[in-house]
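Have a look at the structure below, then the notes.
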Amino acid sequence: MNAAIRDKNIVLIGFMGVGKTTIGQLVSKKLGRDFIDIDHEIEKDFQMTIPEMFQQKGEAFFRQTEKEYIFQMCEHTMGNIVSLGGGAFQQEEIRKKCLEHCFVIFLDLRWENWKQRMDLLIENRPVLHNRTIEEMKQLFNERKSIYAFHHLKVETDNRSAEETADYIVEMLKLGQS
């Protein structure tokens, strides 16, 4: 693996439900690296779910907390596989920090394929609550333009989580971006 990549955290970005956590766990096992899910770390430390945090403390509090955790990860850890929440890259400061200090992989999925997963996602994704299908599609497209800032894009539409993880490991070993 390219030395420049080997010493960096590998950050997975993409829309909610694309498989960042599942794929990240698989990649971490294949590479023998630790896995960090930023949302899970926040939930563990605050002893509440992200939906509960949105409800009790508000989205602004969550986004600030998320930024602090991501900055901490970027500045003080190396060599991990890290899953960011789907909205994290909306914050320009987070984008810049991750792109500067980490190797960022965008897990892409077509709207039609994401829509098939939607019913499984809505309950645990507060930003989807009370949105129409048109509003969800708009959010999907807005975030997709933000995810354009990355080092490697991986299409997940025609791959299982295992196949996607294998592809990522192969690309990292080749040092391709």
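We count from 1, first residue shown onward.
Note that Cβ sites are derived from N, Cα and C of the backbone, with glycine treated the same way.
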Further binder of substrate named by Swiss-Prot next to Asp39, Arg63, Arg143, taken from the candidates Gly86, Gly175:
Gly86
Whole number in angstrom, please: the longest C-alpha to C-alpha distance across Asp39, Arg63, Gly86, Arg143 for substrate.
18
Nearest to Gly17 (ATP binding site) by Cα distance: which of the binding-site residues Asp39, Arg63, Gly86, Arg143 is it?
Gly86
CB within-chain contacts under 8 A for Thr22 (ATP binding site), separation at least 6:
Ala161
What's the most sparsely packed of the binding-site residues Lys20, Asp39, Arg63, Gly86, counting other C-beta atoms within 10 A?
Arg63
Please identify, among the binding-site residues Val18, Gly19, Lys20, Thr21, the one with the smallest Cα-Cα distance to Arg143 (substrate binding site).
Val18
